[in-house]
Amino acid sequence: MFRSSNGLLKRKRVGFLVSRRKMRKSIFDTFMQLCGKTGIDLVEVDLDRPLEEQGPFDLIIQKITDCMAAATDGNTQAIKTLNGLEMYIKNHPEVIVIDPMESIHKLFDRTTSYQIMKECEILEEGVRAFVPNFVQIDVLDYKHNLMTIENAGVLFPMMCKTVIGHGSELCHEMALIFNKEGLRDLTPPCVVQHFVNHDAILFKVFVAGNNHYIVERPSIKNYYKTTTKDKKTIFFSSHDVSKPDSGSYLSQLDEDDDNGNTIAPDENLVLKLVRKLQPKLNLTMFGIDIVVEKGTGHHVVIDINYFPGYEVHRHFLWISRSTCMTYSTNHT
């Protein structure tokens, strides 16, 4: 329970706007029960109904990036849905929203999000947290693209990703390019980024307010320029490689590389990176993808995501409840 300005105890009403694809019903029901024990009434919001009929809300937590992406593409129903949410927020300035849509939009464009990450690079006791060189490709012109990439200092091998970073399955489609000939496989608009060897281990940092935690996921094996100069482009989906239960051949280290040692990220460095990114992004819920560079131990930031799949972690419910309580208490 929360004490209001007149001293009376009051329950808080939190609207939860997350697609079923993002959170299973069993997880939502457990989360609702957990919140209920601490004075928070969690309400699943139906965007097909007017929000005025479902309120009032003290706090709204939303993850509707698929709807936002569809609206950007001109989908009339998505535009109507988004306008309804924006109007409710405008008419109820007292309602706290996690997170503001204008902040989420920053992560829809990978070039923009990479530029933000670059502004937050850190050097701590000889270990860097940095973003690999990257550049956006907008045209189907081989010579122009080759010059653009060389001017940006992006070296082979390089990862190619869609510019759109959210709201579509296409944002998970990627390509690993090994040589100049592979540049003919580019499909603009896209972003190319230098690929850093990291022993096929990805660390996903999940951030929720003042809390963060790190989970290990499979990733892409090491590829060396000396042995891949004639290799053809590899196309893949990150969903097939970096899910907890993925077993892709792309994650299988070569015998010479497989020493069984995992270098964990530096917790202090990660914390500083999180604290530096939060005000730049103006987000409460986001994820950072980090790999530890083989041979140097540098922390390489390769992506940022809004409201990633927290439910895979055993502490998700408690951390999310804590975030709800923090915002509800601060805005009583």
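Here the Cβ of each residue, glycine as well, is placed from N, Cα and C on the backbone.
Whatever TrEMBL says is automated annotation, not expert-curated.
Taken from TrEMBL, the feature 1D-myo-inositol 1,3,4-trisphosphate binding site applies to LYS22, LYS63, HIS172, LYS204, ASN305, GLY309. Neighbour density for ASN305 (1D-myo-inositol 1,3,4-trisphosphate binding site): within 10 A of its CB lie 19 other CB atoms from the protein chains shown. ASN305 (1D-myo-inositol 1,3,4-trisphosphate binding site) falls within a strand segment according to DSSP.
Here TrEMBL flags ARG110, LYS161, 193-204, SER219 as ATP binding site. According to DSSP, ASN197 (ATP binding site) is assigned to coil rather than to any helix or strand. Under 8 Å, Cβ to Cβ, and six or more positions away along its own chain, ASN197 (ATP binding site) finds ASN222, TYR223, TYR224, GLU293, LYS294, GLY295.
Within the same chain, residues at least 6 positions away in sequence whose Cβ sits under 8 Å from that of ASP289 (Mg(2+) 1 binding site) are LEU202, PHE203, LYS204, VAL205, VAL301, ILE302, ASP303, ILE304, ASN305. Secondary structure from DSSP puts ASP289 (Mg(2+) 1 binding site) in a beta strand. Sequence annotations record features per position, and here TrEMBL assigns Mg(2+) 1 binding site to ASP289, ASP303.
The annotation Mg(2+) 2 binding site is assigned in TrEMBL to ASP303, ASN305.
Along the domain 'Inositol-tetrakisphosphate 1-kinase N-terminal' (13-104), the predicted structure has mean pLDDT 84. The domain 'Inositol-tetrakisphosphate 1-kinase N-terminal' annotation in TrEMBL covers 13-104.
TrEMBL lists 130-313 with the feature domain 'Inositol 1,3,4-trisphosphate 5/6-kinase ATP-grasp'.
Across the domain 'Inositol-tetrakisphosphate 1-kinase N-terminal' (13-104), DSSP assigns 44 helix, 19 strand, 29 coil. Sequence-distant neighbours of PHE195 (ATP binding site) (same chain, 6+ residues apart, CB-CB distance under 8 A): PRO132, PRO157, MET158, MET159, LEU176, ILE220, TYR223. Taking a C-beta cut-off of under 8 angstroms and a sequence separation of 6 or more, HIS172 (1D-myo-inositol 1,3,4-trisphosphate binding site) has the following same-chain neighbours: SER237, SER238, HIS239. On the backbone, the CA of GLN193 (ATP binding site) and the CA of LYS63 (1D-myo-inositol 1,3,4-trisphosphate binding site) stand 27 Å apart. Cβ neighbours within 10 Å of LYS63 (1D-myo-inositol 1,3,4-trisphosphate binding site), excluding its own Cβ and spanning all shown chains: 23.
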